[in-house]
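Chemist: In case it helps, Swiss-Prot gives these features for our protein:
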type	residues	note
REGION	1-22	region 'Disordered'
COMPBIAS	1-17	compositional bias 'Low complexity'
MOD_RES	Ser37	phosphoserine
REGION	76-113	region 'Disordered'
MOD_RES	Ser129	phosphoserine
REGION	134-299	region 'Disordered'
COMPBIAS	162-176	compositional bias 'Low complexity'
MOD_RES	Ser175	phosphoserine
COMPBIAS	182-202	compositional bias 'Basic and acidic residues'
COMPBIAS	233-252	compositional bias 'Basic and acidic residues'
MOD_RES	Ser289	phosphoserine
Amino acid sequence: MASMAAAIAASRSAVMSGNRPLDDRERKRFTYFSSLSPMARKIMQDKEKIREKYGPEWARLPPAQQDEIIDRCLVGPRAPAPRDPGDSEELTRFPGLRGPTGQKVVRFGDEDLTWQDEHSAPFSWETKSQMEFSISALSIQEPSNGTAASEPRPLSKASQGSQALKSSQGSRSSSLDALGPTRKEEEASFWKINAERSRGEGPEAEFQSLTPSQIKSMEKGEKVLPPCYRQEPAPKDREAKVERPSTLRQEQRPLPNVSTERERPQPVQAFSSALHEAAPSQLEGKLPSPDVRQDDGEDTLFSEPKFAQVSSSNVVLKTGFDFLDNW
């Protein structure tokens, strides 16, 4: 600010020392424009120098001539003069200037939409490349696709799902120029299956959460049933699992009370004497090893939860992840 004030004061003193003193309005104007920016201050100083150069004749010149003199002195003779817009040299360098701008009629496809100039098109959320993109223009009809489309075969839903998954993987690996009408139909069936899977609710839905292993088997062509259609274990296996914990429960019954033991002391004594008379080898052969007992104990511990899991397979659904279902 100090340098600006000093420059303004210096220019004002230089102007005041000229032939004609500035009036109050010109002084305010000079102060205002000089305080805008350093470039504006430099321009005002140059104008005052031009005015001092002409002296008292400057006041007698018309305003248009004053502006012309200022422009000529500020720009300088070495600056190139503006060219005529119809100059032949400019037209050769910029051929777009030859035709009239803003009068080109643009038509939008087959629809009845026209507008002038490519810059005055109606607003659209899609770009021009997105609007002009089409798969049918890039597709090449293959003979195998034509035969497959002409001979439709009834397929099960599982095989349709496997074909849809195969077609989706094939479309990722193959290029766009191999697409055909059958590929579009397969992709449509794939999205239809996905929609049915996401819409299915309850244990009676056709497509329920498939695990990754089931998806892989569908890709291989194997038929995979959802959890609601899985066969339950045979009744014999279930009866065997039921009998095993029942026998264990019978073994774990409480001992008879003291009154019955007092009434029948003879069989207990006979059984204990028979045990003492038996050979240790026979006892080792009859009694199971501690490892076998431990295994039997573990089987008894885990047998009932397994039965509960089998019985509730229709109610509790799979999570959809192998590491959660099979750990």
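Using the three backbone atoms N, Cα and C, a Cβ is placed for every residue, glycine included.
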Chemist: Cα-Cα, whole number of Å: Ser129 (phosphoserine) versus Ser37 (phosphoserine)?
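Modeler: A Cα-Cα distance of 47 Å.
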Chemist: Fewest other CB within 10 angstroms, which one of the modified residues Ser37, Ser129?
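Modeler: The modified residues Ser37, Ser129 were compared, and Ser129 has the fewest Cβ atoms within 10 Å.
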